[in-house]
Amino acid sequence: MAGDSRNAMNQDMEIGVTPRDPKKIPKQARDYIPIATDRTRLLSEGKKPRQRYMEKSGKCNVHHGNVQETYRYLSDLFTTLVDLKWRFNLLVFTMVYTITWLFFGFIWWLIAYIRGDLDHVGDREWIPCVENLSGFVSAFLFSIETETTIGYGFRVITEKCPEGIVLLLVQAILGSIVNAFMVGCMFVKISQPKKRAETLMFSNNAVISLRDEKLCLMFRVGDLRNSHIVEASIRAKLIKSRQTKEGEFIPLNQTDINVGFDTGDDRLFLVSPLIICHEINEKSPFWEMSRAQLTQEEFEVVVILEGMVEATGMTCQARSSYMDTEVLWGHRFTPVLTLEKGFYEVDYNTFHDTYETNTPSCCAKELAEMKREGRLLQYHPSPPLPGGCVGAELGAEAEQEGEEEPEGLSGSQETKDSA
């Protein structure tokens, strides 16, 4: 039956439309490599280095290639200019003004040439369109004086030149438009809140440990400035490739990670460093992930912090990510907040520090099942238990054996107490 279904599937694939360029298909889809989605793979000897989807600085490692419709960038020219690097932006700024001055300077020279003003230079009986305009250089200087409105001096337009008056109006209007566009572009680029994100910190590592008897994925965020981020909110996404039951390979699939959206804990009052907590429950993508399986999984957790800059009111966004190798199982963050005389002090020297804590090595699903069956003890600060959740089971069994005392022994003890 399996062979017949496989042959039928191959026939369907041959009949179907094949892609034009098979090189564009991901390698996993071309080779039909099955991807384990039930997290039952054995431990591998080591992981191969992988490319980050997002750098720790927040830069996305995605390159847009083979873009055919490049005209779309020109349809939103303002955003295109703002997104340019500073050296190209300054080059465009200089070229736009220079070309505008040269163009209108050529028009002023052309009017003088057609009217014959260049042939009557120095003739006091001749009334030119622009006085003291003797060539292209003087026409170029007159164009700069007109567009920048610095005031006429040696060169000035006369009343006997209607075409010059019309050109003066056109250049004044177009010059104002160019000024508004280019100065506005430079102002927006200067006032962008990207640099504000440089003072928003994320911990170098994320940790998984117990909090209120539940496994939680946690990371820390902080703000170095005294001016706060207004309406700060945070969200997280799991980036992980997967393969569907139909065999479709989905690279870099994005899954939401709940960091308090339903309870409002994702809205932050970021005055001091905060630990963001994701409770690993039935809806969590880490529900069936144990400590051993964490060492073989390949994923990336992207965290995004958004808010408005208090000084400018502009929206600011800071991003970071945690690879699977940057998630520490059985660790907690070192406290950074201390109470001083009259104020709280934050020690950023220990912002990224963690310490080991007693945490079961089993997945959250097994931990919840053991808790429902009553086989799990309360975890207190102590050396790590061996064998994941096995230590917790042994401790629970020992406690049950201690509670089951013989009736004769308990009765003799009561007799001694009464005596």
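Backbone N, Cα and C define each Cβ position, glycine as well.
Database features, via Swiss-Prot:
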- 1-24: region 'Disordered' (REGION)
- 112-135: topological domain 'Extracellular' (TOPO_DOM)
- 136-147: intramembrane segment (INTRAMEM)
- 148-154: intramembrane segment (INTRAMEM)
- 149-154: motif 'Selectivity filter' (MOTIF)
- 155-163: topological domain 'Extracellular' (TOPO_DOM)
- 381-419: region 'Disordered' (REGION)
- 396-407: compositional bias 'Acidic residues' (COMPBIAS)
**Request:** Give residue numbers and ranges for long-range contacts of the topological domain 'Extracellular' (155-163): same chain, 6 or more residues beyond its ends, CB-CB under 8 A.
**Result:** 111, 115, 127-133, 138, 141-142, 145
**Prompt:** Restricting to the same chain and to residues at least six past its boundaries, which positions have a Cβ under 8 Å from a Cβ of the topological domain 'Extracellular' (112-135)?
**Reply:** 142, 154-158, 160-161, 163-164
**Item:** the topological domain 'Extracellular' (112-135): DSSP-derived helix, strand, coil residue counts
**Value:** 8 helix, 2 strand, 14 coil
